[in-house]
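As given in Swiss-Prot:
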- Leu120, Gly124, His125, Leu126, Ser352, Pro353, Phe354: (6S)-5,6,7,8-tetrahydrofolate binding site (BINDING)
- Lys229: N6-(pyridoxal phosphate)lysine (MOD_RES)
- His228: site 'Plays an important role in substrate specificity' (SITE)
Amino acid sequence: MFNLNEISKIDPEVAKAIELEVNRQRNKIELIASENFVSKAVIEAMGTPLTNKYAEGYPGKRYYGGCEFVDIIENLAIERAKKIFGAEHANVQPHSGAQANMAVFFAVLNPGDTILGMNLSHGGHLSHGSPVNMSGKYYNVISYGVRKEDCRIDYDEVRKLAKEHRPKLIVAGASAYPRIIDFKAFRDIADEVGAYLMVDIAHIAGLVAAGLHPNPVPYAHFVTTTTHKTLRGPRGGLILCGNEHAKMIDKAVFPGIQGGPLMHVIAAKAVSFAEVLTDEFKQYQQQIVKNAKTLANALMEKGIDLVSGGTDNHLMLVDLRNKGLTGKYVQHILDEVCITVNKNGIPFDPESPFVTSGIRIGTPAVTARGMKEEDMVEIADLINLTITDYENSKEKVKERVRMLCEKYPLYQ
């Protein structure tokens, strides 16, 4: 599919690396929960001369001339995003999910203000107040987490912390939480203490769009997301809000934290949003959830522990402590048999973030290839064989992975 002739002429080293990466994606089982395979149409949109165009500002209010056609594209992206999520306003310019989050912070907070966000080690995200992130350095961060007994969000703790610390902003949403999030409960708590509520749905946006997870738009003052992951668009960010906050959000994105938007990426966002609005996309999301539940159940049947005992969405966290293994080691041996996962901390993890006691597994990418429930049972068996009998099984597992990838070809 990919014609690298022009790149090969100018830079054969980069062309070769691209070819190797495409083949890696084709020939390995991709189980990283935050990764996905975009359509050829989305890839095509990103590779257009739209990358040549500067368009600081917003449609109809640009600081550069010659924006009449990129205005059409950005307006299409905006209107489609609003339709998908039922929002009054959408800003499609953030370059990433982290940029979308920082724009909301920039809009409503001053340095030193208090935010209440989910602890990274309990499933939150770097940009929700981690001390190593900008959000944790510029603001006073209070963290909530999950209950030790069931690894579910402790809404009583959230309420208690909110009343004690009176945050200006409460952040809901996660990067490694396999259960439904109660957005109404978060809004009730925010209202009790007079806080703004921001919900980051980067991981679950596709499920929300398909009606498979509650929509935070009716409850949150601000909703942020990436446009990749389950939404299966290009790498980028998106902010949704009501009309009353539209101007402050737009000003926070530009000129607040960004300059010129990436019009080739915004075009790809528009294309992917058109895909989201189809019946096929809804069916795809339904299959993601079916596959995740099947994979989770198959792993547990083999004696592999999952944090919270399963999943409601597209991902699961494997707790490896009962196997006496670390996430770092299991990520490595699975990669050796062509199965890609990421090491991940689990709640109350005794290991460091560089080692971890868990791995995170997701089904968006394998579902995009066309895999179904029976393939999840096979993948569970391959993971179990690798974890329990790596040296004796690795060649057989690699062959079974090869056969599975050939059955569901990618980017032909």
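For all residues, glycine too, the Cβ spot is worked out from N, Cα and C.
Here the features listed in Swiss-Prot are placed on the structure.
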| residue | record | DSSP (3 states) |
| --- | --- | --- |
| Leu120 | (6S)-5,6,7,8-tetrahydrofolate binding site | helix |
| His125 | (6S)-5,6,7,8-tetrahydrofolate binding site | coil |
| His228 | site 'Plays an important role in substrate specificity' | coil |
| Ser352 | (6S)-5,6,7,8-tetrahydrofolate binding site | coil |
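Distance between Cα atoms for Phe354 ((6S)-5,6,7,8-tetrahydrofolate binding site) and His228 (site 'Plays an important role in substrate specificity'): 25 Å, as a whole number. One residue stands out among the binding-site residues Leu120, Leu126 for having the most other Cβ atoms within 10 Å of its Cβ: Leu120. Local packing around the Cβ, expressed as the count of other Cβ atoms within 10 angstroms, is greatest for Gly124 among the binding-site residues Gly124, Pro353. Take the CB of the residue listed as 'N6-(pyridoxal phosphate)lysine' and look out to 10 A: across all protein chains shown you find 27 other CB atoms. Cα separation, His125 ((6S)-5,6,7,8-tetrahydrofolate binding site) to Lys229 (N6-(pyridoxal phosphate)lysine), rounded: 14 Å.
Under a cutoff of 8 A between CB atoms, and with a sequence separation of 6+ in the same chain, the neighbours of His228 (site 'Plays an important role in substrate specificity') are Ser34, Glu35, Asn36, Val38, Pro234, Arg235, Gly236. The residue listed as 'N6-(pyridoxal phosphate)lysine' sits 19 Å from Leu120 ((6S)-5,6,7,8-tetrahydrofolate binding site), counting Cα to Cα. The 10 Å shell around the Cβ of His125 ((6S)-5,6,7,8-tetrahydrofolate binding site) contains 24 further Cβ atoms across the protein chains shown. Of all Cβ atoms in the protein chains displayed, 10 besides its own lie within 10 Å of the Cβ of Phe354 ((6S)-5,6,7,8-tetrahydrofolate binding site).
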